[in-house]
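A.B. asks: The structure that follows is given in the form of C-alpha cells.
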Amino acid sequence: MKDAERIPGPKPLPVVGNLLDIDPEHGLQSIIAFADKYGPLFQITINGEKQIFATSQALVDELCDESRFHKAVVTGLEVLRLLAHDGLFTAYHGERGWGIAHRILVPAFGPLRIRNMLDDMSDVAQQLCLKWARQGGSTSINITEDFTRLTLDTIALCTMGFRLNSFYNNETMHPFVQSMLYVLKEADVQANLPGIANSIRVSAQRRMHKNIEAMRTMARGIIQERRKNKNPVDDILNTLLNGRDPVTGEGMSDDSIIDNVITFLIAGHETTSGLLSFTFYFLIQHPHILKKAQEEVDETVGLAQISAQHLAELPYIDAILKESLRLMPTAPGFAVTPKKTEVLGGKWMINAGQPVNVLLPACLRDQSVFGPDADEFHPERMLAENFSKLPPNSWKPFGNGERGCIGRAFAWQEAQLVVAMILQTFDLVPDDPSYQLRIKETLTIKPDGFRIRALLRRGQTATGLSRRSMLVARDGSSGESSNHLAEARGDHAPARGQPVSFFYGSNSGTCKALAHQLASNMMSRGYTTQKLAPLDNAVGNLPRDQPVIILTTTYDGQPTDDAKKFVAWLETGNVPSLQGISYAVFGCGHHDWTQTFYRIPILIDDLMHKAGATRLAPRGAANAAVSDLFSDLEAWEETSLLPALRENFLPSNSTDFDPLNPHQIQLSLSKPRRVDLHKGLIEAKVTAVRVLTSPDTPEKRHLEFCFQGDTSLRPGDHLNILPVNPPSTVSRVLAQFNLAPDYNITVNSFNTLGLPQATPVSASELFSSYVELCQPATRNNLKALIAATQSDPDKQELNRLYDSYEFIVRDKRVSVLDLLEQFPSISLPIAAFISMLPALRVRTYSLSMAPSFKPSHSSLTFSVINEPAWRGSGQHLGVASNYLASLTSGSIFYFSPRPAKESFHLPKDPSNTPIIMICAGSGLAPFLSFIQDRMVLKQQYKPLAKAFLFFGCRGRSLDDLYHEELSEFEAAGVVEIRRAYSKTPDFDIAKGCRYVQHRLVTEGQAILSLWSQNATIYVCGSTNMAKGVEAVLQNMLGPLPKERYVTEIF
C-alpha cells in the first residue's frame, strides 16, 4: 500500500532498542506514557523485535474482528509456555490440544454450573470475613494478600474440590502462590531481555525451572488425589479427567490436564484478586460511592445469606466492578495478529503474523468513548442503561472472542459475592490515609502496599458472625441451585396428546437444560414431546403438523456450535417456504455483550417469520446477568406460550400442571442385575457412617445399616458383602482398552461370569460389578499374555515371571491388568481379557452390632485398605473395604448372613462361663457385638460371669476404637478392658504394654483365675498377633482345648 503511514514511536538504539526507555519495575506505566505521546498506534523495539500497541477504541474494534485477526502469544505469555504449554491461556492459535480442551471445558463453565458453585464460594468468603472479624478493627490488613488467599482457595475448591486452607496459615502465602509470583515476574523479565542476557542468568533460569516444577508437582498431586477418590464430584476437574471432545471423541492427555489445572489456578485467582483489591481501593477513596454500595446491599440482602438471586439484584455493585476493571484492567492487554496483511485505522499496514498488543489501560480510558473524565472513578457510567450504549468492543478486560476468558462468569460471580459480603459485614477505612496508589507489575497488575482496617458493622460480633455461618452450613445451600428435575411419582401412564418439537442451540448446556425442562413441563400439561434435538437437526426438517419451540443463545456474536448449520440455512435466502410451520423462540443472553445481546434468537425469529412461518407467541428472553433463567422460562411459558398453544394446538388430554407429578411418567424399579447372581442377598440401607481413626493413621470406619426381615443373626456371625470394584481400578481398564464408561458390551455366548447374554451391559457396569480385576494372574493367563506379546524383550521378561510365578506374580498379587499396563506390547483383545477374569465374589465381614442391641439394625467395623501394592508400584485398594467406605447415609448395599462356626458364639450359660476376648484393630468387631449382647442381658437383670477384653491398637488419640462406648459398657459392669498401645505404651491405661501379648502377661493372675472357672478364650486378628497370643497363653495355661480356645484369623 503506497499511502500507508509509518507507525510512530520512540527511536530505538542499536542492540538494546527501546529497552532503556522502559522502567524495569514499572514497564507497563512506561508504555502507557508512550500512548500519550505517540497516539492511538505506536511501536517500540525490544530485543530486536518490533512491538506494536493499539490504544483507542476504534482500533480495538477492528482488532477484535475475528475474521481478520486471531490471538497471538507474545513476550511474557510466550515465556509462560514453559509452565503451561498449550493450556487455554498460553496456546498458540489453532493448537490441537487447545481445541480439544476448549470444546470439553466450555460447557463446564455454563451459567447453571457457575451458579451451583455459589455455596463453595460463600464458604471461602466467610473464612475471609471471620478472619477479619476476629482480628479486630485495629488490625492492619494487607488486602491484596488476603484476596490472593481467597481467590486461590475459591478456584481450587469450586473447580477441583481441593481445599488449600490458605487462611489457616497467616504467616506466608501458599507455596503455589510464591512459585507463581516468581514465575510471572521472571517471565516478564525474560521477555524484555535479549536472549544473550537471559542465557547468562543461570541462577534465575535454574530458580525459574525449580518453581515451574513445584507448580506442576502440586497440580499433579491434585490430579492424583482425585483419581484416588471413590466418589468424584461432577466439577471442572472431573471434566478435565473424564470429558470427551465432541469433535474428535478424544479425552485430554495427562500433560494437558496439568497445563489447564495450572491455568485455572493462575488465571482463576490472580486477576480476580487484583480486581477485588483495586475495587476496594477505589471504594475507600470515594466514601460516597462506598456508602451507596453499602445501602444497596443493606436494602437487597440485609443480614441474610447472599444468594444468586441477590447478586442479580445488585446493579450498582456490578457497575462498580466494571468501572474498577475499566480503570485498572488486571490483565492489562492481549495480542492479536492479522491472518493476512491488513490496513489498520485506514492508514497503518500490519503484516500477517505481526502481533499487535491491545493496551487495555489506555483503550479503556479513551476520552472519545468515556468522556473528558475518563480517568475518574464513576460507576454510574457502567450501569446497564449506559453500558449498553457504549460503542462496540469498548470494554474488553476479559479478552476477545473464542480466546476470551471462559471463566468470566465464575470470576464475576465470585467478585460480586465477595464485595457484597464484605460490605454487608464491615465498615472499611484506610490503614494509612496518606497512601498513594502504587502498582505492582508482573504479567498482571495489583495495588502495592495497600492496607485497610475492617470494623464490624451494626453491632455484629465475630462470635455472632461465626454462629451465622455455622447455621447456614447446617441448614443447607444458600444458592439458587435448586434441582429443576422434579421427582417422578409414576402414578399415571402418560396419555398421547398434541405433539410438540423442541430444538435448542447450546454450547454450555444451559439452553439444552431449559429445553428439557420446558418439554417436561409441557408433558405434564398433556402435550407429547415429538423431538428434542439440537437446531442443526432441524435443517430442512421443521415439522408442519405441530408447534416448534426454539431455545437458543448467542456465542461471541455467532450461533452456538450445534446451531450454525440451521442459521446458515436460514440466512441463504434459499429456504423453501416455511408456510404452515408454527413456532416460538426463547432466547438467552447476558447484557454485558451489548452488541450481540440476543442477536441469534432475534435473527432466527425474524428469518423464520420472513420465510412464511407463523409466530405463535412473542419471543421470550432471559438475561443471565440479572435473573434466574428457569424462572424467566417459566414466566414466558405461563404468560405467552401456553395461551398461544391452547388457542391453536389444544392437546387432546389437556390437564392442569401438577408440581408433584410433573412428568406423569410410569416407571418401575428393580434390583441391580448383579444381585441375581448370588442367592439370599438382603437389601440394606446405610443409616450412619463415621471414621474411627485420626487422619495420620490407617483408616478404620464404622458403618451402621438397617434391613427388613429375620436373618437369625447372632453375635459373632458374619455378613457376606456384595461389593463393586474401585472406580479408579475400573478407569484403568477403560483406559487400557480405550473405552468410554457408557460403551455397551454385549456377550453373545455362554459365560461363567453370569453376564446377561445378548443384552448390552455398559463397560463401567461390567468391570465394576461382575468381574475381579485385581486377582493375581494365573499361569495360564501368563501363557496367553506371552503368546499375545509383540516385543521379544517383553516376551523374555514375561517368561521370567512365568518361571518365578509363585514369588513374583502370585505372592505379590500381580494381576492381568497390572501386566497389560507394564507391557504395552501385549495385544490382547478385550474378549480374551474378560475371559481371564473370575466372577466378582462376595467378601466376608464380622458383625459389630448385636441383633438384640438394636433390632433390624447392624454395623460393620472395618479397615480401609489403601496401601502400596506389593508388586512395587501403584496402590493396592481393597475391593470391599473401599466400596464400603464410599457409602454414605442413605446408600443401598446387599449382604447375606453367614453364621460363624458354633464355637465362636457366646457361651450358652453366660451367667457361669467367663469369657476372655483378645483382639487388635478391627478384630474388635465381633467382640463389640458380644459386649452389646451382654449389655442387653444386664439391662434385663440377668446375672453375668466376668468378661475381659484385651484390645491392642496404636494409641489413645490414634485408633482406640469405640473408646467412649466401651468405657460406658465397662462402667456398667459388662466388661473389664485392658489396652495395649504400640505407639504410646507409656500412656497410663496401657501400663507400658505395646501389644496384647504383653498385656496378657501383666494380667496373668486374672487370666489364671478365669481359666480355672472354665472360661472361654476368643481371639480375633491377624496371623502374627494370634501366634503371639497363643504362645503366651500356652506358656501360662498349658494346652488350649479347641472348645475353650477359639480363634478367627483374617
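The backbone N, Cα and C atoms fix where each Cβ goes, glycine too.
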A.B. asks: Which range, 467-491, 692-716, does Swiss-Prot list as region 'Disordered'?
C.D. replies: 467-491
A.B. asks: Within a 10 Å radius around the Cβ, which one of these binding-site residues has the most neighbouring Cβ atoms: CYS405, ILE600?
C.D. replies: ILE600
A.B. asks: DSSP on the domain 'Flavodoxin-like' (500-641): how many residues come out helix, how many strand, how many coil?
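C.D. replies: Helix, strand, coil within the domain 'Flavodoxin-like' (500-641): 52 helix, 34 strand, 56 coil.
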A.B. asks: Please report the number of other Cβ atoms within 10 Å of the Cβ of ASP605 (FMN binding site).
C.D. replies: 22
A.B. asks: State the count of C-beta atoms found within 10 angstroms of the C-beta of GLN595 (FMN binding site), not counting that atom itself.
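C.D. replies: Around GLN595 (FMN binding site), other Cβ atoms within 10 Å: 13.
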A.B. asks: If you measure LYS610 (FMN binding site) to CYS405 (heme binding site) at Cα, how many Å is it?
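C.D. replies: The Cα atom of LYS610 (FMN binding site) is 36 Å away from the Cα atom of CYS405 (heme binding site).
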A.B. asks: Since the record lists HIS590, LYS610 as binding-site residues, which of them has the fewest other Cβ atoms within 10 Å of its Cβ?
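C.D. replies: Comparing Cβ neighbour counts within 10 Å for the binding-site residues HIS590, LYS610 gives LYS610.
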A.B. asks: As a test of the contact definition, list every same-chain residue at least 6 positions from SER506 (FMN binding site) whose Cβ is closer than 8 Å to its Cβ.
C.D. replies: LYS512, ALA513, ALA515, PRO534, LEU551, THR552, THR553, THR560, ASP562
A.B. asks: If we check Cα distances from CYS405 (heme binding site), which of the binding-site residues VAL585, GLN595, ARG615 wins as closest?
C.D. replies: GLN595
A.B. asks: Below 8 Å Cβ to Cβ and six or more residues apart, same chain only. Which residues does that give for ARG615 (FMN binding site)?
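C.D. replies: Once residues fewer than 6 apart are set aside, ARG615 (FMN binding site) is near TYR583, ALA584, ASP605, MET608, HIS609.
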